[in-house]
């Protein structure tokens, strides 16, 4: 294997900048104004400000880019710097660059429903205008309840008259099909679809963005990517911690609403879609919508809902189950784990179960896609062989590996499980992977919507899950308990087994980068 030669930061950023200028309408001479609505919030300090800093540090932002924070809290730029800088991962040598970054930052404290405040914001934005035109990017780092008022005031008062205007909307995009449609219709009455960027940071993950290349560039995978060869698929999202500090967000509709309905379903689309006619954003999203239209509403009989309980053998947070969290209402039936089986009813995937699993307070942090292939006909090894699997690990330790059978070294003719492995940290030791938000925000500057959710995608996703969510809300059935730090409820394993997934538990992938 050829060794990867490390590029300097200047070389890497120079190459990327050249690609940006060739691929997109990316004008260095224009003034760009990045407005963060909700600048004092957790998302802004942990993700948005650090991301803008990394792009600024690497020279990937246009020269005249200004960051404007807007919130109803009485903060200053100094306050913003104090709370966000710990997430910058900066070094003492970068202090001059940091000073330059915050010199491009300003802050405004006012109410979100005060029209006069938006007029004042617009005056401040006009004062920053230094080029032939000004482009404005509004990031709504707000609770969804504030979207209507804020977008209306932005549209009426603050949009650029000489350049483009783009708006980033954070998930969740509604609570069900009706509320999502109402929100989409409201925003569509103010902005065109090519101005709206519905962001889900999982679509910016390196391995997720690699899915289309794996599928449509490698001839070895094309002929086997169908129901004739694949027995079932699982899409897994696991977190080792509970709801600590985030109860109010999760409690709305549970983990189906938070994780399964959007990030997992979006990854399913990339795995199941047909080959688009090009890498144009709308061509890709057209084929994602076609896949979603082939998925029927989730059947309650194909769903397991569960809620974590305390683990008396552990310490710390694990000793407190979800019902014991003082922020949780007594008798809450919110699910913290869910497993559901979907079917894509088309020629390629007819009969193949797509298993979606997500949960909190589990035994590990992991997000992955697992394709399990059909058994080999004519078994001559007396059922000693396990199914082949293609595993796409999104986090942690990004990897793509194929689990297959080989002869165990030694005197005897016995097969054992092994893998063909592309571990990103091992293969690309000298390559810096951009953060997911870094990729996506740069995409917004460039005008690329490939990795953002379109309104018709959103509508189809809610069509699939809304009946189930309404059933859960109506019935208020008590979820099945599982122990904090476990694999989840046994009933989820039984559901997977019932639809054809084979879990042997005899093999665990070892990250070679840590050996």
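Keep in mind that glycine also has a Cβ here, set from the backbone N, Cα and C atoms.
Under a cutoff of 8 A between CB atoms, and with a sequence separation of 6+ in the same chain, the neighbours of residue 171 (D-glucose 6-phosphate binding site) are 198, 199, 200, 262. For 38, 39, 40, 41, 42, 43, 44, 45, 147, 171, the entry in Swiss-Prot reads NADP(+) 1 binding site.
For residue 360 (D-glucose 6-phosphate binding site), the number of other Cβ atoms no farther than 10 Å from its own Cβ, over all displayed protein chains, is 25. The D-glucose 6-phosphate binding site annotation in Swiss-Prot covers 171, 201, 202, 203, 204, 205, 239, 258, 360, 365, 395.
Following the DSSP three-state reduction, the secondary structure of residue 503 (phosphotyrosine) is coil. Long-range Cβ contacts of residue 503 (phosphotyrosine) within its own chain (separation 6+, distance under 8 Å): 493, 496, 497. Residues or ranges marked as NADP(+) 2 binding site by Swiss-Prot on the basis of similarity to another entry: 357, 366, 370, 393, 401, 402, 403, 421, 422, 423, 487, 503, 509.
Look at Swiss-Prot and you will find 2 tagged as N-acetylalanine.
Annotated phosphoserine per Swiss-Prot: 8, in sequence order.
If you look up Swiss-Prot, you'll see 10 marked as phosphothreonine, on the strength of similarity to another entry.
Secondary structure from DSSP puts residue 89 (N6-acetyllysine) in coil. Here Swiss-Prot flags 89 (among others) as N6-acetyllysine, drawing on similarity to another entry.
In the three-state DSSP scheme, residue 171 (D-glucose 6-phosphate binding site) falls into the coil class. The N6-acetyllysine annotation in Swiss-Prot covers 171 (among others) and rests on similarity to another entry.
The N6-(2-hydroxyisobutyryl)lysine annotation in Swiss-Prot covers 171 and rests on similarity to another entry.
In the three-state DSSP assignment, the secondary structure recorded for residue 403 (NADP(+) 2 binding site) is strand. Annotation source Swiss-Prot lists N6-acetyllysine at 403 (among others).
Feature annotation from Swiss-Prot assigns N6-acetyllysine to 432 (among others).
Look at Swiss-Prot and you will find 497 (among others) tagged as N6-acetyllysine.
Feature annotation from Swiss-Prot assigns phosphotyrosine to 503.
On the backbone, the CA of residue 401 (NADP(+) 2 binding site) and the CA of residue 395 (D-glucose 6-phosphate binding site) stand 13 Å apart. In this structure, the recorded positions under consideration are 357, 403, 497, and the one with the smallest number of other Cβ atoms within 10 Å of its Cβ is 497.
Cβ neighbours of residue 239 (D-glucose 6-phosphate binding site) (same chain, under 8 Å, six or more residues apart in sequence): 359, 360, 361, 362, 365.
Each residue contributes its Cα atom, and for residue 370 (NADP(+) 2 binding site) and residue 202 (D-glucose 6-phosphate binding site) those atoms are 17 Å apart. Taking CA atoms as the reference points, residue 38 (NADP(+) 1 binding site) and residue 202 (D-glucose 6-phosphate binding site) are 21 Å apart.
With respect to residue 147 (NADP(+) 1 binding site), the closest of these recorded positions in Cα terms is 204, chosen from 89, 204, 395, 403, 487.
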